[in-house]
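Step one of this worksheet: look at the structure below.
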């Protein structure tokens, strides 16, 4: 179980938590990056609190995006919604050419500054990968299984809940993982519109020419993103193997 | 003849009705800072113009609701969009008092909703028509040509967005150049390095897993974090490596942005090269070996051409992604359209945000359509790539 990559992840997680709880332990390491009397550890807020706020924003947005995207994907893959299927695919493709920053910046005039535009941008942009993967998952089910399910007299609802969704689940989960990774990144930029996320540390560092702030903010976000990505991937794998795929 | 109703059309018609009759068409502000006053279509436009626009919108809504041929839907969608584009310019002329250079007119929510509804109609019709790659590119050229013609004709000059542009025309093109340089330059570097690395990974299995793992992790790191992390080592190089500063390597600015975009670009290029090469049918390789081709001949003459569409797909992903990410370079002083986006956010000037965001979206969109067409043209047989 404890192979080298996992050992490495465990180490990264330990250091990350230690840094968030007791940042001053790491002060000597960051000291060389700043001028004589500038602070080496972020001093305009608690790093731990910012991290939690960052994660909360991503969690709320992703939860909302998952529910809506999944509902939409189910809707357009039913016979009654088939008219929307071709358009849905094009819309996902078109939507993904919009840079997340543009979505974020354009949400500001409508929703003002702060958490709100960030949440909206994260939600809207997070919809796309989940919707795309759910469509792929629900439209590429093996024909034989679908016919067998129909043959045993299952209703549409039973087929959806017992056959289609479980079979499509690994692909859907991969979409959620993609969405989370994109959201973590976009939430970081959200601090340019005054949302309280870890991007604040990087931006403060850039504005006050404090390299230590930039580096610590960057590293926390980077380690957080890689660890969350790997954890979700591991969860997908264990779920996949439990379902015998 | 029996009339049948199109479900999507009902949604489009409802959106269009909301946009045309309930939401404001344009916003008027006495100067750049003050809050805007909403104006409906009939208030924002001279009567003739308002009538033309409403007629077009109503016709489009009727065509959308009924089951009509896709080509008709496409035609009405595009002509209504064209009418709207000209109409918003007319609104600017109509609302701005003569000799007043402070007043600002910008499109309001109704305009955007109409644009979205008609865009949906056009996108749906285009999807159903399944035009060939060449036709799609020609279509794109037509739309871009129309926008260019409207811009040149000065129809939009009264709009707030264009007034923002007029004030910074020089900077705009300089930042546009930087944006394209960042996105294309890092893509070029990643292609030149990524394809040989991909070939190497294809041959050496042990290298493949390790390297793809590392590249995957890099891809996961949020852009601004990676930009920030790179400032430290690049700053160190600039100070300690002779000649580095002379060729433009500095801690902040374009250098860390370029390096970060390059690193992000590597994964799709390398991974798709590996996937493409792995998908080359064994028989093709065996036949090539049988007629006595050397390793290199086989790579250049057989494997690479067969893997090309998949590699091109990687390049498409990178290009669209880079055009978007280059916006963030502005935060570390790297320039690009992001300069206007973040300035606009700082000044709560929506038009300035649009001045940065609209060209970025147009660029990304154009890149996606052109490369998708190229990929389709380069793919001789669809099944082959799917099995790859």
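Heads up, the Cβ atoms here are built off N, Cα and C, so glycines get one too.
Beyond its flanks by at least six residues, the transmembrane segment (A:50-76) meets 20, 82, 84-85, 88, 115, 118-119, 122-124, 126-128, 130-131, 134-135, 138, 160, 172, 175-176, 179-180, 183-184, 187-188, 190, 195-198, 200-201, 220-221, 224 of its own chain at Cβ-Cβ distances under 8 Å. As annotated by TrEMBL, transmembrane segment applies to A:50-76 (among others).
Marked as domain 'ABC transmembrane type-1' by TrEMBL: A:51-232.
TrEMBL lists A:97-114 (among others) with the feature transmembrane segment.
According to TrEMBL, the transmembrane segment annotation covers A:120-141 (among others). Residues 57-58, 61-62, 64-66, 68-70, 72-74, 76-77, 85, 88-89, 92, 95-96, 98, 100, 103-104, 107, 110-111, 163-164, 167-172, 174-176, 178-180, 182-183, 186-187, 190 of the same chain, all 6+ positions outside the transmembrane segment (A:120-141), place their C-beta atoms under 8 angstroms from a C-beta of that stretch.
Marked as transmembrane segment by TrEMBL: A:167-191 (among others).
For the transmembrane segment (A:211-232), the residues of the chain that approach it from at least six positions outside its boundaries are 9, 12-13, 15-16, 19-20, 23, 26, 30-31, 33-34, 38-42, 47, 51, 54-55, 173, 176-177, 180-181, 184-185, 188, 198-202, 204-205, judged by C-beta separation under 8 angstroms. The annotation transmembrane segment is assigned in TrEMBL to A:211-232 (among others).
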